[in-house]
Amino acid sequence: MGCTLSAEERAALDRSKAIEKNLKEDGVTMAKDVKLLLLGAGESGKSTIVKQMKIIHEDGFSGDDVKQYKPVVYSNTIQSLAAIVRAMDTLGLEYGDKERKVSPCHDLSEKKYTSVWE
């Protein structure tokens with residue numbers, strides 16, 4: 001019995017050291033990761049927060065994401081503007097420019113506009 005290692009034992013020791021090194025590096029990397037649990041009722045904005053974090057901290061939306069969300073954003077914008085116009089009439093608020101007032105015969109529903117943006 002000598003003090004030296006056989007070629008097999010030396011290779012096994014080298015593999016073991018490499019594995020230990022990788023585990024240590026992975027541990028350091030994982031220690032830097034932040035995990036966040038978002039809790040909330042449905043429609044409370046959990047997925048919106050995730051999307052905003054993706055935009056801010058990653059490369060933003062991919063081309064497919066933009067294509068998917070563009071009609072939704074436009075539709076939401078039209079719906080919001082329609083709600084504001086209806087609320088102005090309900091609350092008796094005047095337009096700054098009287099010529100800008102929408103007549104009641106205009107249909108501001110989303111169905112009319114979504115196909116334009118798809």
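Glycine residues also receive a Cβ, built from the backbone N, Cα and C atoms like all the rest.
Taken from TrEMBL, the feature GTP binding site applies to Glu43, Ser44, Gly45, Lys46, Ser47, Thr48. Look at TrEMBL and you will find Ser47 tagged as Mg(2+) binding site.
Highlighted in sequence order, Gly40, Gly42, Ile49 have their Cβ within 8 Å of the centre of the Cβ atoms of Glu43, Ser44, Gly45, Lys46, Ser47, Thr48, the residues recorded for GTP, and are not part of that set. Around the Cβ of Thr48 (GTP binding site), 10 further Cβ atoms fall within 10 Å across all displayed protein chains. A sphere of 10 angstroms centred on the C-beta of Glu43 (GTP binding site) encloses 8 other C-beta atoms. Mapped onto three states, the DSSP output places Lys46 (GTP binding site) in helix. Sequence-distant neighbours of Lys46 (GTP binding site) (same chain, 6+ apart, CB under 8 A from its CB) are Leu38, Leu39, Gly40.
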